[in-house]
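Structure first, commentary second.
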Amino acid sequence: MDVLVLLHDYLIKWVIEPVADQFLGIFDLNGRFGLVFLFTAYSVAYGLFRLRKYRGLTDAHSFWQFIGGSRVYFHRSALLDYRYYLVRGILKVALVLPIVGLVDPYILRSGDYIAFFTHLWGARVQVQEHFALSLLYGLGVFVLKDFVNYWSHRAFHTRWLWAFHKVHHSAPVLVPATASRVHFVEKIIEKMAITFCLGAYAGVFWYACGGQIGAYTLFGVTYLVFILNGLAGNLRHSHVWLSFGPRVEHVLNSPAQHQVHHSDAPRHLNKNFGVNLSIWDWMFGTLYVTTSKPEPVRFGTGEQDHQRYLTIYSLIVTPFVETARNIRPTKRPQNGGGGWTRWVRHGMVAFQAIQQTGTERWRRVMRSAAGRRWQR
């Protein structure tokens with residue numbers, strides 16, 4: 001009986017409560033996937049539909065067809081995204097938070113930086129907190145977090161981390177829930193990077209102000225994140241083409257730009273890593289701007305990958321399998337090796353020739369070896 005009670009308690013703590021929290025998150029204003037933000041995003045999409053319909057720029061007969069219809073929102077990949085959104089609650093409680101908790105004591109926090117600067121330069125007179133200072137601090141949090149997200153995102157497009165990020169890019173259709181289709185390894189690394197950088201920023205800012213300053217928030221979210229989430233942030237993972245135009249897109253990342261990032265077209269490869277801001281892409285050479293005219297894009301990472309990411313199990317396990325294959329040493333080439341191997345072989349032939357027939361023979365062999373090298 002005690003075993004059943006214990007099992008019941010574990011089931012409640014590790015499964016039912018996390019899944020329930022994820023579901024109730026759609027009624028919250030702390031995340032992009034809230035109903036309020038979904039409503040504002042699709043209100044913008046509806047206005048775009050009416051405008052394009054009026055100008056004769058769309059063949060869609062209804063708004064449902066305009067946003068993709070059943071072929072998108074009931075696609076097998078979309079249904080997987082809905083399930084994975086709920087399972088993420090379990091992964092967060094069972095894996096992400098415990099692992100981050102193990103590393104957390106070793107990450108310097110704002111208090112550590114304040115203590116260091118105080119020891120170095122002495123205490124500062126505390127500045128009275130006011131609205132403008134809170135806005136400034138909140139702006140810094142937003143910009144720094146976006147900067148860290150840019151480089152974290154870009155790092156996951158490299159060879160050793162791509163297998164984990166491919167989980168997100170493997171979706172052949174985009175729905176708002178696709179934003180949560182992120183492997184827990186990526187979330188752990190991203191969370192630790194942000195914690196470290198924001199701790200340093202807060203420490204420097206608070207020391208300069210002589211005390212702790214709170215960021216101005218709306219419903220518990222940094223005000224700029226709240227505003228951008230309300231301005232169609234959920235259309236980033238959708239089939240609704242919404243461009244901000246080339247000029248604005250040098251600063252703000254539009255839904256169309258993120259759809260380009262998900263495209264498998266060669267011209268779109270490794271473009272638009274920014275989350276909210278495009279200025280990082282502009283600064284570091286990864287910017288791709290769009291226009292109001294929709295570009296033909298195909299989402300996903302190839303037909304073969306579509307068949308490999310069809311279950312929650314595959315989303316979690318497949319990246320580890322692919323990473324192990326990358327780490328495993330490759331077999332030695334059977335055709336005599338690369339350039340260094342050929343030069344060593346030619347050198348051995350030359351050395352033997354010197355011993356056997358003298359300098360003249362050595363010169364002929366070296367000319368012959370060089371000739372074979374260029375023929376290759």
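Backbone N, Cα and C define each Cβ position, glycine as well.
Quantities reported herein were computed from a predicted structural model and do not represent experimental measurements.
Database features, via TrEMBL:
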DOMAIN    141-286  domain 'Fatty acid hydroxylase'
TRANSMEM  31-49  transmembrane segment
TRANSMEM  85-107  transmembrane segment
TRANSMEM  127-144  transmembrane segment
TRANSMEM  188-207  transmembrane segment
TRANSMEM  213-232  transmembrane segment
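Contact counts against the transmembrane segment (188-207), taken as Cβ pairs under 8 Å, peak for 85-107 among the stretches 31-49, 85-107, 127-144. Sorting the domain 'Fatty acid hydroxylase' (141-286) by DSSP state (H, G, I as helix; E, B as strand; all else coil) yields 89 helix, 7 strand, 50 coil.
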